Amino acid sequence: KGKCPEDGWDESTIELFLHELAIMDSNNFLGNCGVGEREGRVVSGLVARRHYRLIHGIGRSGDISAVQPKAAGSSLLNKLTNLVVLDIIKLAGVRTVANCFVVPMATGMSLTLCFLTLRHKRPKAKYIIWPRIDQKSCFKSMITAGFEPVVIENALEGDELRTDLEAVEAKIKALGAENILCVHSTTSCFAPRVPDRLEELAVICANYGIPHIVNNAYGVQSSKCMHLIQQGARVGRIDAFVQSLDKNFMVPVGGAIIAGFNESFIQEISKMYPGRASASPSLDVLITLLSLGTSGYKKLLKERKEMFSYLSSELKKLADSHNERLLDTPHNPISLAMSLKNLDESNDAAVTQLGSMLFTRQVSGARVVPCGSVQTVNNYTFKGFMSHANDYPCAYLNAASAIGIKKQDVDVFLKRLDKCLKTFRKEAKQEKSINEVSDSNAASERLED
């Protein structure tokens with residue numbers, strides 16, 4: 001039926017299924033005689049077993065989604081994976097998605113492929129409108145495709161950084177719609193930045209006849225991010241949205257899903273991919289989804305939401321105990337931010353030092369963002385880099401509740417963060433006492449003089 005099974009399969013059933021697919025590929029035929037340059041020859045038995053003897057990859061030289069006659073099993077695997085993933089995207093909230101395909105590239109290069117496909121439709125266009133998000137791969141995806149990013153600074157609303165819609169529209173009028181390749185928006189992001197105003201951007205794109213590409217990197221796991229995409233497509237224009245396999249489905253890095261509401265445009269993107277492609281990302285995500293089933297994936301989504309609420313409440317308590325605060329970012333459904341004002345005021349290096357302390361204590365994924373850092377990426381200079389704004393009011397620490405997180409992860413993180421912050425407070429008190437003694441001694445010496 002081309003749908004993900006409701007109940008997950010056991011490992012032996014999945015392996016039997018993969019072996020059945022593999023024996024449909026010509027390199028595994030008993031009497032096969034290969035005289036070409038690409039015949040699925042693998043010298044290492046370990047490598048062959050690692051790939052379940054599915055060696056031919058996917059697609060043909062002209063289309064990553066095309067069927068390869070001498071690799072019927074691999075071609076079937078590719079078709080089934082794309083259908084199963086499409087079913088999961090609908091389950092996650094984008095009900096009207098028309099087509100999608102798995103591509104063996106991470107999110108940044110997959111976005112580049114989308115931009116290169118649009119180039120043929122808009123040959124005069126040289127600019128991409130990009131509401132700022134301080135993450136290098138999505139920025140470099142535009143540079144690599146040969147376009148000029150037009151950075152739209154975010155508007156500060158309370159603690160949140162939100163899309164400046166007036167600035168977007170003003171820039172479209174200034175540059176001319178025909179000179180703009182697309183608007184490149186973002187859903188999943190680090191707090192205090194929140195998902196872009198997708199509905200409003202989609203309406204602007206529809207009104208000016210400009211394509212709209214959405215970076216939905218780890219948004220499949222969030223019903224709010226998926227709802228924004230669904231609503232944007234309903235009221236305006238969204239041409240494609242791109243999401244990572246590893247972040248949303250807990251598989252190794254190296255794959256992404258390109259999806260959209262116009263079947264022919266998604267097919268155009270798949271035809272833009274040059275040559276055949278590795279089947280590994282497709283194989284990984286198919287195995288994962290067959291083992292989970294829709295019930296298993298729904299359970300993971302539900303647990304993630306519950307852990308977000310738990311992380312939010314516990315991080316707020318910790319922040320209050322250290323005279324800091326959990327930043328108010330209700331529009332961000334995955335990432336949280338806690339202020340580090342006391343650290344920032346006491347010592348310029350203390351904020352980055354906290355990040356190092358957490359990392360050496362085996363806390364991964366927490367981002368510590370100081371004020372005022374400057375970074376140049378491909379000759380573009382960003383002030384306040386990592387904070388998504390030139391002058392965010394305070395330094396802060398990020399933590400995210402992503403799919404697969406457990407209560408133990410949250411508890412251990414909070415315990416170690418608390419210990420690190422207490423160490424800083426203790427050192428600050430000692431330094432203050434030393435300074436007070438020094439000031440007192442200096443005052444005594446002046447009186448004696």
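The backbone N, Cα and C atoms fix where each Cβ goes, glycine too.
Around ARG38 (pyridoxal 5'-phosphate binding site), a 10 Å sphere centred on its CB holds 12 further CB atoms from the protein chains shown. As annotated by TrEMBL, pyridoxal 5'-phosphate binding site applies to ARG38.
Positions annotated as substrate binding site by TrEMBL: ARG60, SER61, GLN68, ARG276.
Residues annotated as tRNA binding site in TrEMBL: ARG234, ARG361, LYS426. In sequence order, ARG416, LYS419, CYS420 are the residues near ARG361 (tRNA binding site), counting only same-chain partners six or more apart with C-beta under 8 A.
Annotated N6-(pyridoxal phosphate)lysine per TrEMBL: LYS247, in sequence order.
Residues or ranges marked as region 'Disordered' in TrEMBL: 428-449.
Ranking the binding-site residues ARG60, ARG234, LYS426 by C-beta neighbours within 10 Å puts ARG60 at the top. Taking the Cα of ARG38 (pyridoxal 5'-phosphate binding site) as the reference point, the closest of the recorded positions ARG234, LYS247, ARG276 is ARG276. Looking only at the recorded positions SER61, LYS247, ARG276, the one with its C-alpha closest to ARG234 (tRNA binding site) is LYS247.
Note: the CA-CA distance between ARG276 (substrate binding site) and LYS247 (N6-(pyridoxal phosphate)lysine) rounds to 24 Å.
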